[in-house]
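To keep things clear, I will list the structure first and then write my remarks on it.
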């Protein structure tokens, strides 16, 4: 039996109370929560609520990820200490999670004494096991800020295609990867200074040790997701290949984080202490509530431990984290569940289009957070597939499913029951075949939730809602109410409808807990659990007056949401411009900090003759596929009106799924000299637009001509 099959069986027929620790990835404490983040927290929260409704002992743990160079520099930019920054962001994050009903048992911070002690103890245990190595490495160093620079804090000219303002490890124009030392005209993003090379002692976790490889090969066999297992096997390679590399776990001062014991001026890399933050947050909860922390995290513990993450951090959670735990004397995760990314209207979230939607803007615009919980759940399954928030579909699905199908059932029956029957159901109606069918379906729906097949659970629920509405339409209680002789039939119809509504509310409770709470108050019943499927409404407990449970989504609300996030971008741009002006003044006053002209002569006008040298052609994308081994590249097969198609590698993977591009027309540079790349020969370049500051305004957009253009046409 597979791990996913076992999960389904446990959901349908829980054998006693289980002890379960659940985490979501820790949000980084230098920005706002947006709807892309919420996919994961909503997914985890639904699973946690499902388990709680079985009566299991479940703890859902979270924290802000608070250490690292970006935090330190962001705080400096805002005139704050790092501690002041992370305290403010923690308050904002906690507010957003509360708004969306994310039910953490503890939401903490990695900048805590518990995390420092646990991180040190894990490090010292790994050191004792002979799994920590010391090495001298050469790095880029900012002579003005007197700090070593991570690759992403260096920019310059791509050594391959000569695009300007590219990061120190890869080019987002041509997709090439390279060493920071190969970058042309490099400069520090922090100060503008030209980096120098300096050596420094660093500390490494010896993941290449045969003990780690042997352990991970065994551990990977228990992963529930085939995609994760395949990726792990790709990273591990075949037996004897030794593909695992040692992991640099240290950073040099100045750095906001925990100093490594016995290594003054050296700090734990944020990715070492961040996952330890799961345990630190749980330990904080345990100490406040008298829970035996060690019983949950020691080897051989009967407690279960699950991590929900995005697929982009699978590497850290399925290689480093379990190996760190195994060789430091802790239990290892029971499983890791990864999800895909979120697109909005089929494209990467964009600040310029207003689709980079923050959690707070959603709330401020007046949208119901349970609408989004429902929509995401309807799209989620147990795989790593990306999901799309189509705003038109969002409006239509919420209005149809939740208002038209679900809420409508109660509103059609409650008034008659209160007016004609003192709010009391007909007990004999609780045995109606339709009620029995819904009651029997609850175990299947609960099993789908625990198997993380939320879309399947909700499809099943809405199919049942359709049957209930068909029953009401056929019985026509509004007609029955016209004749007192139909009182018994009317009573039965209303009673069946409301018991069906109770069962549908039970099925929807993990997704829409606030609506479920209102339903519980309406019926005057205790909080619903899965076992309550067998406890129908009773004439002994009259229902309360019906209160409207949910409004429809208005298109104007969606328009206001997009506008609010576009306005937010404009405010950011104004602030960035002011900051940029100040930075320019600072750079001017310090000549040695001035980079070699990044733009300089390149900004000078060119002649029409220069432009005429570039052969721009319309190209049709006839095939497109991801490039295995590259996080940035797509391989395009282009029809440019020649006898043969062209093969082009383009660094646009972050913005498009391959299937989105097939059949589209675009513009390519047709006379660019072919370039041999690691993955094959690239015979040109497709053109894409992006903002100057891609961090402030992320997004890549290929150029598309108007209809009528044909492959091979010149762009003049």
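Think of each number as a place in line: the chain as shown, counted from 1.
Quick reminder: no glycine exception, Cβ is built from N, Cα and C everywhere.
Listed features, source Swiss-Prot:
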- 158, 161, 171, 174: Zn(2+) binding site (BINDING)
- 351: ATP binding site (BINDING)
- 610-716: domain 'tRNA-binding' (DOMAIN)
- 27-37: motif ''HIGH' region' (MOTIF)
- 348-352: motif ''KMSKS' region' (MOTIF)
Cβ-based neighbourhood (8 Å from the centroid) of the Zn(2+) site, residues 158, 161, 171, 174 excluded: 159, 160, 162, 163, 166, 172, 173, 175, 176, 651
Residue numbers, six or more beyond the limits of the motif ''HIGH' region' (27-37), whose CB comes under 8 Å of its CB atoms: 64-66, 68, 70-71, 74, 85-86, 89-90, 92-93, 96-97, 109, 341-342, 344, 349, 356-360, 362, 372, 389
For the motif ''KMSKS' region' (348-352), the number of residues DSSP places in helix, strand and coil: 0 helix, 0 strand, 5 coil
Protein Cβ atoms within 10 Å of residue 174 (Zn(2+) binding site), excluding its own: 22
Average model confidence [pLDDT] within the motif ''KMSKS' region' (348-352): 86
DSSP-derived helix, strand and coil totals, residue by residue, for the domain 'tRNA-binding' (610-716): 7 helix, 42 strand, 58 coil
Structural state census, the motif ''HIGH' region' (27-37) (DSSP three-state): 3 helix, 2 strand, 6 coil
